[in-house]
There are 2 protein chains.
Amino acid sequence: MLFKGGGLPHESLALQEKLFGAGPDYNFMTRIERFKNSLVRVQHFIRCCARYNLHDHADKKWFEGVAFPNEVSVLGPHSGMFIPTLKEQGSEEQIQKWVPQAEKHQIMGTYIQTELGHGTFVRGLETTATYDPKTEEFILNSPTLTSIKWWPGGLGRTCNFGIVMALLYIDGKNYGMHPFVVQLRSLKTHEPLPGLTMGDIGPKFGFDTVDNGYLQFNHFGIPRENMLMKYCQVLKNGTYTKQTRNPKFSYGAMIFVRSMVVYEVAGQGLAKACTIAIRYSAIRRQSELKKSRPEPQILDYQTQQYKLFPLLALAYAVWFTGVRMKEIYFMVNNEIKQGHTERLPELHAISSGLKAFTTSMASWGIERCRLACGGHGYSAASGLPKIYVNATGGCTYEGENTVMLLQCARFLMNIYGGVKNGRRPSGSVNYLGERISSRCTLTSEFTLKSLADAFKHRAARMIKEASERLNRLQASGNDPEDSWNLNSVVLTKAAEAHCHYYMVLVFESVVESVEDNCVKDILRQLCQLLALCGIQENSGDFIQDGFLNNDQLELVKQKQLSLLSEIRPNAVLLVDAFEFHDVQLGSILGRFDGNVYENLFKWAKKTPLNKPEDLIHRLLR
Amino acid sequence: MLFKGGGLPHESLALQEKLFGAGPDYNFMTRIERFKNSLVRVQHFIRCCARYNLHDHADKKWFEGVAFPNEVSVLGPHSGMFIPTLKEQGSEEQIQKWVPQAEKHQIMGTYIQTELGHGTFVRGLETTATYDPKTEEFILNSPTLTSIKWWPGGLGRTCNFGIVMALLYIDGKNYGMHPFVVQLRSLKTHEPLPGLTMGDIGPKFGFDTVDNGYLQFNHFGIPRENMLMKYCQVLKNGTYTKQTRNPKFSYGAMIFVRSMVVYEVAGQGLAKACTIAIRYSAIRRQSELKKSRPEPQILDYQTQQYKLFPLLALAYAVWFTGVRMKEIYFMVNNEIKQGHTERLPELHAISSGLKAFTTSMASWGIERCRLACGGHGYSAASGLPKIYVNATGGCTYEGENTVMLLQCARFLMNIYGGVKNGRRPSGSVNYLGERISSRCTLTSEFTLKSLADAFKHRAARMIKEASERLNRLQASGNDPEDSWNLNSVVLTKAAEAHCHYYMVLVFESVVESVEDNCVKDILRQLCQLLALCGIQENSGDFIQDGFLNNDQLELVKQKQLSLLSEIRPNAVLLVDAFEFHDVQLGSILGRFDGNVYENLFKWAKKTPLNKPEDLIHRLLR
């Protein structure tokens, strides 16, 4: 109950639906079969939403976790991007027109922004929407090869509507990027409308169940009323008007999705991988620790513990951080509704930074879990390849990670600059207003406070140095843009240090809030391990200004190793606590009942390559 | 010509064969189609070997690199394991009987060792071969579920012969592991012989073109003459005899394969990934460095250079190290043929260590290249997912990497123990006989000598400390096995430090050997970058005993960043120098002509999901 709280009832409901998990194993299907199978489950999911009255986003998410384990369905862009953007950017009239149809799935939509030659940098997009006052239409066009819309999920075969981001032109003047509602396919035949060239962009590393698509406009007209007009309007005669009200929260959907990625993609993905690898390591026996004794569980090897327990600690840390992100999102969202937008930049910065930091850490972590399972980890039966290929997508979508870290760094530089001008920061960056302490309080006790302080010191020092280096680069004659670029590696590292501190702090606060002393002790060990591994892997950062000395670093190493033995007896329980059902793990190695070998054998026998096929025989003669 | 030397003629021959690269794109095929397509190419490759008189292993490898780009064919286990083991372990009579048939591909064989429950630890295998003097047969049996043979390549559907490793029992006595030649399938019908349960083990992360298989023996009899009898014999009456001659070189094949993995899997895999990512980064434009200027090539961003150039340096380093490994292998092999086996333990240790070190580094590197390509890197069109899933297998096959590092560490501990007892080490470990210098000679010039010395210092110190820690653990009452396990994390790190030093040293020696001053300067920059990144990523190791101080570490960071700008103008040339043909890269992003976007669009249109399918339409209505 530590993790899923209110989610469990919805998971249980979903697990009762026979259709989910029915049919052949995902791993035995072709891409087209995977896609179709997912569509069947999408339809059933829609029926279930009606039957069980699922409306709340979080409730649906728990349900989807069972319906679409370790994969993404075409519902994602529809409910996560299309509908929220309609609600945020549409006028009342527009919301009334499209949202009810979309919520009843009478129309299926996606969000169409990125282009073949343009990704995270929105201002680089080339698609045009030119207003023609004679026909009162916007003419959408793809003027270049690189302007072809590329990647939107569900665009390839599924969606019949989309919100298209395009440059608005009126009378030859460019008014910048605006959102347009576009019907893409006939509601009768499902054929693309004339003037549109559309299709699927082809197979990817993962995401087989989603038809990411392309879309080329050939002077395609849409009614004037289809520009989303909450903040900007184009009148019949071509007059352009703009609300004075600050549309800052128009990037609320983006912040929401990034916050969710921390929790759902990074947190849950790594937690599943740890569950599989740690359970399997308690089943698998290998080599010998003592001559003529039975082969030990591989979880008893120090090297295996050293691979997996820091990842287990990371999984807990990322999960808790994801929960915290969600809480902060809803809190700031409420503040904004009451007109207070002060904390929006901070929320934007920390959600960008943590999205990047946690997806990178979790992705590598999932792969390490797979590698820790040896040969069987490489088999699709482990479930780990599928978890990895879907999680690693999170490093790129919703903002490429390096760009995200630089956005976070930009905020940190602003705050630090403000501090030097006497402003007092608050929230997650309040520590930048403190004097950087050079007194390290780390002793062999390794209290969580002292560990968090070490990360605070590191982050503060690196942010300060990045800021000073930026100033030096400018002072020596570089213009601001070149200085920023020549400092960008240092800036990304400063942003990572800030996010790392944030994560340690969240974990510490969770440990402090736990009342059961036994649970508290175990979680404290995990939190210590997380922090100590962070210090060791980045020891240069901690030792460089003399904050940590060599003797302390030696203590850090020793404590890490002793924690491995202390965590060992609880390791399997700590992953069982995530409460993933076998359907959600999709892994033979991670089965709750531990019956690994028998089921690997059964599974292998069912693989399509084992069906007799004359051609193979003929080829071999 | 820097890299391929004598290999280019064979690549050119292979590139003329229309069948290679014919048919649909690999990425559009189902697993069964991939497997069949590979079999077709296998047959054509066999015809080509005859036509072009390809016999030499290296010549064939260059040819295979074109015939089977970034994948493994069923020929691998046949020519890399089955035939060599016959030659090494068979009697003259046995070699005469089977090798000619195998070389003409009249029989196709594989090497059958690992079991469902047993991998790298050979002594744990459970399959039995019990001699029956009445029938003069060995009865092969799989006594348990975990003893089912699992993983051998080509076993699933292709091979009709195999060399099976099994425990020899005579008259109730266990004589340990021995190799047996076993016919698996009818040469007429290709059906498995009675008494054998066989098949494919199911889909994996990669290796779709290989039918890794399972094999369960049900009291299956083979003639006495089928035990490979070069070193051990079982006479008709069941008498067991063993040659006194040291069969040390029986693990020659293993060393050979590991040496090849450094070169072919790690070196070439990373070089290909760098080629793709660096070429694409010179095509892709994104964001803005200066307001209102065209979007720059992403290769001009410092963060992108910081991602890719250290990997480029690593690719060069691993490639050179792989070439050196091959040279040493053949040298030691010749020595052994003349009766000198002194250098075999060293060769075994360094090939184990480097196999682990380079496959781990290169695998992460390939994934980093993919991530550096943003969204399009995630598309199968980038070719990077295929390169990664096949290369990462190298972390597990031919010995799991952690086990390999511990084997290397075992050797290092022996050598270091010998030094303390007055013995003088030679070869790659001769530095362990030197006094560890505490004088760091690193200055802002960063000569390659001073950089290599820093890695030498680090390795020597870590090996010394690992040895002393092992002694302390034993002295405090732990038995040798527990001490080893409690020290194993420290031991793997010491082994990595040794391999890292070896790699830097090889790179340095290559730079010194180059005569063209311009090439030498460019390679020196790459070697510096490799070493400096190694120092920074492991800065704790270098700073801990005061060898490097904080000022030097700061210099290291600055020099790293300035090297990025220095390497930038040569980056594309440095990957072109690998001379990979587009067929070998299998990547639209990495195309030599740079025509990325047009070909992405063409490719996407061909994806099978774009074929009209009624079912999809019906599902969507």
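Cβ atoms are placed via backbone N, Cα and C, with glycine included.
Lifted from TrEMBL, the feature list:
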- A:12-107: domain 'Acyl-coenzyme A oxidase N-terminal' (DOMAIN)
- A:Thr114, A:Gly153: FAD binding site (BINDING)
- A:251-413: domain 'Acyl-CoA oxidase C-alpha1' (DOMAIN)
- A:Glu398: active site, proton acceptor (ACT_SITE)
- A:448-612: domain 'Acyl-CoA oxidase C-terminal' (DOMAIN)
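This view paints the features noted in TrEMBL onto the structure.
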residue: A:Thr114; record: FAD binding site; CB count, 10 Å: 21
residue: A:Gly153; record: FAD binding site; CB count, 10 Å: 26
residue: A:Glu398; record: active site, proton acceptor; CB count, 10 Å: 23
Pop the Cα-Cα gap between A:Glu398 (active site, proton acceptor) and A:Thr114 (FAD binding site) into the table, whole Å please.
11
Secondary structure composition of the domain 'Acyl-coenzyme A oxidase N-terminal' (A:12-107) [DSSP: H/G/I, E/B, coil]:
66 helix, 0 strand, 30 coil
Rounded to the nearest Å, what's the C-alpha distance separating A:Gly153 (FAD binding site) and the residue listed as 'active site, proton acceptor'? Just drop the number here, would you?
12
Mean of pLDDT values spanning the domain 'Acyl-CoA oxidase C-alpha1' (A:251-413):
94
What three-state secondary structure does DSSP assign to A:Thr114 (FAD binding site)?
coil
